[in-house]
Each structure stands twice: as structure tokens, then as C-alpha cells.
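The domain 'PROP1-like PPR' annotation in TrEMBL covers 140-240. Under the heading region 'Disordered', TrEMBL lists 310-340. Here TrEMBL flags 50-84, 85-119, 120-154, 190-224, 257-291 as repeat 'PPR'.
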Amino acid sequence: MKKQGCRPDTSVFNSLINAHIRNSSNKEIALVKALKYFEYMKTTRHCKPNLVTYNTLLRACAQAKEHKRLEQLFEEMCQEGIKPDICTFNGIIDAHGKAGEFSAMVSMFRKMRKCKIKPDYMTYNSMIDAYGKAGLITEMEEALEDMATSKVKPQLSTLNSLINNYGAAKRVDLMELVVQNMSALGIHPSLITYEVLIKGYGNSGCFEKLRTCLEAMLDAGVMPETTTLNAVMEVYSNNGLFKEAENLLDNVAVMPTELTYLILYRGYLKHGRVDKIDALIERMNAAGIVPNDKFLMHSLEFATLDPKSRTSRDVAKDSSNNAKRVSMHLENSRTIPKSA
């Protein structure tokens, strides 16, 4: 552009900043590069940062967990006379919520109201999700009440978050109440709804209700996917229900993945059933699934856990041996004949 005599303007730099942030796997490095462009913009004519610039950088700070820098940028934005919009506030509220900075989250929510910007469902979703994941059920319900008072209609994502958080808190009654209210809101359960219900029932030890939930899902015409299979496998494996887990593998129409087998592997080690490892590897062979480095690293990590967090001290020793067995299998699976 410069060689052709084209002068970059604010929109060009916004595109550059956005490209770095969206396409970099390392969010910290992306933020550093983006901030260099930002500093250049501030000293260059026709390139002054605008609302889009700040909103993009605020999102980048949130992704990189640079919350102090996020606050500094917000203050700078206001000092420059750039009025924040709902995207600005939603991004900051979400960032503080994910970081567990609840007082800062509430403070930003109040600033939002002070600026006469009405919260939308995404605002409340962030707060409900943050409180729920932290186990702060009372605060989560207060955010839900505020949402109703503000006449903001909950979306499917809102209800799924509530179900997930109630399930984690073992409040099956409230989890089911949310599902009952779905039809009144004109919202139909999705695959994610059923998956969070499965996890909730499993977490609460309600295995019969879990099976009923699976039947209801199929009756509703919602087809299970690998994520559904893995959710059920997680419940069965964590609770030592290996007969049910193995029957599920034998009869399910969904194709298991490496993660499916890893979940079962962890369950065997957790409950001291190292005698089942060989059969598991044979299952993987039959399915044409070769354990890769990630599978091996997970198995080694699990094998070196503190024995006190497991069923017995002997399990740690046995699991370490089985990690070696998986390692040997991995190496054998990688052996390629010279003729190939």
C-alpha cells in the first residue's frame, strides 16, 4: 500500500489488529503485536483509534487474561471521548467473570447502567455462567431475577448454562424446573441441553433419570453425537459402572473417538481395574484407533497422581505399569514396514 502511494487509515489498522487477534494461537503474543499497531495509530494522522479499535483490543486483553491492561484501555477510551457501547461492556463483564473477579464484574455492570446502556441476554449469560461455575448459586439466581426485571428474554444458551450449573451443584430439582419452563418460553431443548442434563444426573448419582433423559432425547428426534457418548461414558466411568460403559461401546451407533477410550481408561485406573487395560487396547485396535502422544501424556499424568486421591496406593503402581504398556503399544502401532 505504501509503495503504491496509498495511505493507511484507521480501518486498515483495525483490520491488521483484528487479523492478529483472530488468527493467532498465542493470544499474549497477538496482543503485543496489536498494541504496537495501536501505539502507532495514536501518533499518526488519519489513523486515530475509534470504537472498533478499542473493542477489538479489549477483547484481546480478555483472551490474554490481561485484565489490568483491559481496565487501563477502558479508562483511556473514555478519556478520549469515545463512548463505549454494549459490545464494550459485554466483553469486559465476560472477561472479569471468567477470571472470577466478581466485584469488578458487578462494578462494570453498574457503569453500563450509568451510561444508559441496557444489558442484553449476552450480558446476563456472562454473569450467570460466571457465578454458576464458581458455585455461587444465590448470586446466579439474583442475576436471573435482574434479567427478568429488565425484561430481557432468556435464550437457549441461558437455560443451558442454568441447567449445567444446577447440575454441578447437584440440584436436580432446579435443573428439571428449568427444563419444564422451556416450553413456556417457546424454547426447545438442543443436543447441548440433553448433554448438560446427562452430566447433571450423573453428578448427582441419578442414573435411572440419565437413561430416561437419553430416551427422551431420541423421542424428541435429537440425535446423539460423539460428545453425547463421551458425556455418558464420563458418568459411567467416574462411578465405576464399567458394565454399562462397555455395553454402551458395543451397542452405540455413534463412532467412539480416542477421547472416548481415554475416559474409560481413566475410569479403570481410578477404580483400580487395571486388569481391564489390555481389553481396552484391543478394543482400540479393533476400532482402528491408534493412541497418540496426547493419549499417552494423559495416561502418564493420571498414573502419577497422588495415590491418596485414588482408590489405593497399589493403583498408582499398577497404573504406571499400564502407562508403560500403552507407551509400548503406541510405539508398535507406529512401526511401518519398509515395503510400505
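Indices start at 1 and increase along the chain as displayed.
From the backbone N, Cα and C atoms, a Cβ is placed for every residue, glycine too.
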Under 8 Å Cβ-Cβ from the repeat 'PPR' (85-119), and at least six residues away from its ends along the same chain, one finds 51, 54-55, 58-59, 61-62, 65, 67, 70-71, 74, 77, 126-127, 129-131, 134, 136, 139, 147, 150, 152
For the repeat 'PPR' (120-154), give the DSSP counts of helix residues, strand residues and coil residues. 26 helix, 0 strand, 9 coil
Here the mean pLDDT of the repeat 'PPR' (120-154) is 96
Counts of helix, strand and coil residues, the repeat 'PPR' (190-224), according to DSSP: 26 helix, 0 strand, 9 coil
For the repeat 'PPR' (85-119), DSSP counts of helix, strand and coil? 26 helix, 0 strand, 9 coil
Sort the residues of the repeat 'PPR' (257-291) into helix, strand and coil with DSSP and give the three counts. 26 helix, 0 strand, 9 coil
Grouping DSSP H, G, I as helix and E, B as strand, the residues of the repeat 'PPR' (50-84) number 26 helix, 0 strand, 9 coil
